[in-house]
């Protein structure tokens, strides 16, 4: 949130950080930055006593509030702190970059430091071409290890340290192919896992490994050349590999490790003690080296290395943690940086704030929906800083002098002093001066920010108006609880008071509750009427509700109405219906809707019908006024705006609360008791269900139960029983609700939708029903039973969780136990999923935080890399989408098409005489027949509609005629109804011509294209760039098709009967609504997408349910499935394929055959039992059951063959392996025993198959024995080998497909004769397990042809799809799987949010995981963003090691450095022409009587003396034209670069609210509501509107940003809330100090305006099609506007297309006196048209006319304009 300059700020000079360069300090840099060498460990006490050691004191001694630094002589907190350094006795390893040192040593020669690669090879540079930093180093190490070969040599060839120095061929040695190097053999390098970090070189011929310490490693790294370092990814100027080893250790100043004061005692920080230990160990090592005792040196070196390592990271696995005392561990530098409470996330990314309050919330239906009740104690503690001026001086003086609320707490004077009013004895004498800042109490009407944690989405933090109330809790309107996810059971919420006018303006224009009624997540309202008010609405609008005059008059007072409707009943006394009272609240809307689950019988008052704001019939229920898409809330928001929705909600709550207070509502015991008839029906349902369960059990016992695909008999039984019991509960619930009397309080609440369902009535009054755990009945948990009270193996409904009693009667003990088991599951799930979903949301936010809508209509990230050509593929705002629009066009057959769209023609092709006879005006019919070309135009219309039908049949996902509903920005159907009811006349014929309709619809479609932003639009509005034109046409395709079929000429004339006035109104409304729906440039759509996908995840469960019923495929659901997708997991828990089949295998019978062909089958899967039998003589087998089989086998063979077989068997092993196969499985899979035998022999030929040849026996048995007699070892070997052999014998199917299940789908076909489309059921196969590559190869069917249709076969394993089909197929599959994961829980999220997430994941051509392995490995994000996510120290170390530079363009990077993020209002910069302000005069002179009118703009404490602006008016007579000083305003978008400026001027209109005194212009006492004027309008693309606004005071230039593209100007807020008379003048310039802008390309330019420049108003002003570098701001103020126009006029910052010629600044009609003041665009270098494919390809320069060319306005013209506005 932006801060203001109302309170004193630091006087330190501030500069914006444009980039951050990371590097590792070299030894000389550390010494140069340090102020002293630290050689002795000084404690706090004795360091302060040192004399003459000022530098040592500033390193060791922390500053107090009264002391000054001995080095810079500054006091706290101005002293930044000063470093010292420790000269290490020996180099030591930096534990943070230890792994990098190991990688470097793998890349270079250990003798000479040369790179172990031939850099002349093309392959080396090709592999490293697109790699940087750590990835490059890893690749080099991998290539070096692959090439490196160790050669053997004699002992005479040993090199340094006894290592082999024979030449290394192919590397950098002297052998063949080598280019340079010493030729030494390269030992292997590995880490030594000892008591301290050491690199170990494993020599070739030595038994023991040699240990290299840091000093030797430093010598090797010192020999690495700069070129080799660059090839490895280093920047030698910033970090050479030698710098990875420490020789000098910097000592941070005390500001990093402040002392702790407690009770008058001071204690040094833990880091200070650790530094002292390092100094001591370093001195000890230096002494030991002088004594030259190796054991002592090794010990001291190890201790020094350990202390330095734990100083950096005390959580390393190398060492035991260093402890401060017996229990507390040292908090090292790493621990202070990383984690949730570290410096990055705890103090930079987020921090504690002042001016905030927190307490418990309670509900209050009597405050407005956008209000919050604030306790007096909070209102008196929190303050708002208000600057004193001539208008508010009296009011603020009263505040300052009061001692009771409302009062003030502090006064800030311009000289920096602060007066605390509570300390003054006599506050009645307090005086205020102009310029003082008074911190007054929060009062009614102040705007505050209200928040409930966790802040899961944008609507968890909204703006409210303050209502100060008694008691000590925050009061919240009940309708606001839904977006906050709040209730009143003890929830606490946070309140923040803005501290500047700019912050206040942002709250008012962007974050207030009415602005957020519709959520972009589901494109539906997130607030509505709830609970008591919903119940009251239902009862109030009941058909039996009649109200007397007293009540209706009271309601009128609640609603501030002064005229009552005519009563519905006059005699015997006047009575009004509740519907009439409810209609008093309704705005003028049309809303036909039918509540769900209700038969549409109008006589039963079940159909809700609202016409022109009158409720004609039907009760108001949740589906009508709740937070549902298409509800009354949604319709009012779209047609009348957010303020009208707030008024409607407030009115409903006041009226219904008053109604319930008078009529009452309660629930008693009688509402819970069912009558005897209901109990009898419920008992019948239970008896019926019990018999059904017994029937299923009997079928299972008899093994006649139909087994479901892929299920065992027991699983099928459980699925059937559970399904029957659940149906029993549903049936009982429906009967219970229907049997309850109409006045039952429970039934009233259920039907109103305020609380409860029919299931609740059933459970209270009748029975609770089946209790499930993990989607199944209560499992056995106590020795084959659920509880000890039941029999063993009891599968009945009572023992497995069925509760046959209700809550009123009371549950039995075992039923209560089962009920608690089911409830516990939900509690555990809620507790476990909280952390998982929170972490998931954080990862999504980090991955998408930089994605925003750019000014050219594209979606880009912080580096301006393209994510999407158009946001959501249509460029529309998710909050403006309306769903549920029926689209019947694809389902119309030829006859319907002709009846609906085609006109009647004669045989010769001319119009029939009957054409339009009953729906077309006779003059129109005559005109049509007069021109033969009209027939052709109407035929072309019909041909286009036919083509649209074919397109929609191909492109749309067709299910059912009633289910195909479109999500579009405009609901033309409702607009047509509005046009008919408001603009149309009751007539049977229309005066419109079909040709006129066709032309106007075509013109409308062309106009819609002009609404989209593009850099390549010519003066005629045509887009010359092919790519830009195609993306806009693609975005409009579906809407245009829907528009053409709705506004077909015949439908308009015959069905709607619209006249010309109504049709014109309809087209205008469609165009306006569509324009309002366009996305605002700068919108942080990435964060919105992350919130939209993350917040609903909290509603998911973490369990993986087994789908009971039709399918038995195990699927991963909920959060685990989301984590699999977003982490791009390659090991999915339940991977599966959907296999499409070619005809005729897509029929059910043949699909079953395909199922067996695809399912992977091994011999193990069909084997029931394995026996090992000693049976040496097969002629006299000991297995009696096998004798007939053996005889049959031998009888089939010839006698000689049989004898040879017997001899072969006898010669083999005497042990027989007997395999009993599952007969059913062999039959189902159509396995031939000969094929089984061949499969066994293919795997292992060492076995003899005795049986298995015959298929015509009931028992399928295979006897096999080894060919070799191994005696006593046979049995152990067989038991070991046979199970493995069975698993390896592949009989059939695709490896990896564990199960194959049938699945029916619908395929739509078109009858070419009639054009009718019908759906046919076809069968496909779902698999458990995936093998997509093998499925693409195919499976051969019985006819020898492939049965798998690979084109339509897919896998739910996204990485597998990516590896086989590429990134586009993976993107499509990821999108589908994400949507299915949410839809499984009924969560329908807007499509555009999925696309943003998926396109970001697939942006670079590979799947980027939304985790640390993806986000932190991406090259697109800077080090600051990555370290603020995870692995803080690791990322910073790598960034410093490789010299990375962060351009500070992302949200996180700017947040860390305190800059404005480049999204929203920060996406462009304001640049002020300082030279034009030199003639300005100070504020005191500007407001002095008799002076020229001047306005002073406060720009913060550092610029107040330097920047002033002035516009002086010197009128000569009444009609004279005032002139404007050369005060120029630059605006440019922070996108491109360069500056190509030319002045643009416009005349300033005379304002009649000013008066003349002595020839000078002065301001009269004008009320603040009159400080708004109609300005010249800029005609652009067919749009023109007033957009000038008074732009008065800018507070804090360093924090100033132009208000968002959807918000009114800061001047609006300031003039309304500060009431500064000196700012209610006629013209001003908006200066600012933000000149530092981001790097730009050479093709953008800076536009310069002089004086007052007027711009067009658009609902989303930034969405104009224009280059981002050309932005104007209005600075003109004039006469009064109405309240509506004031809410729209603003500091609009639209953009203008450079190729759109002839933009004229002119006044609203009929005021043409300013039409000559034009801003003309011309192309630099001529007027040539451009058709390049790139953006921003040409510079453009504006030309402007001088102010003298504009004619002065007249008083009459102003009067005309006022009349028009009124």
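Heads up, the Cβ atoms here are built off N, Cα and C, so glycines get one too.
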Swiss-Prot annotation (region 'Bridging helix') - matching range among 813-825, 826-838, 839-851, 852-864: 813-825
Local Cβ density at residue 82 (Zn(2+) binding site) - other Cβ atoms counted within 10 Å: 21
DSSP residue counts for the region 'Bridging helix' (813-825), split into helix, strand and coil: 13 helix, 0 strand, 0 coil
Most Cβ neighbours inside 10 Å, all chains, among the binding-site residues 69, 72: 69
For the Zn(2+) site built from 69, 72, 79, 82, further residues of that chain with CB within 8 A of the site's CB center: 58, 63, 70, 71, 73, 74, 80, 81, 253
Residue 79 (Zn(2+) binding site), number of other Cβ atoms within 10 Å: 20
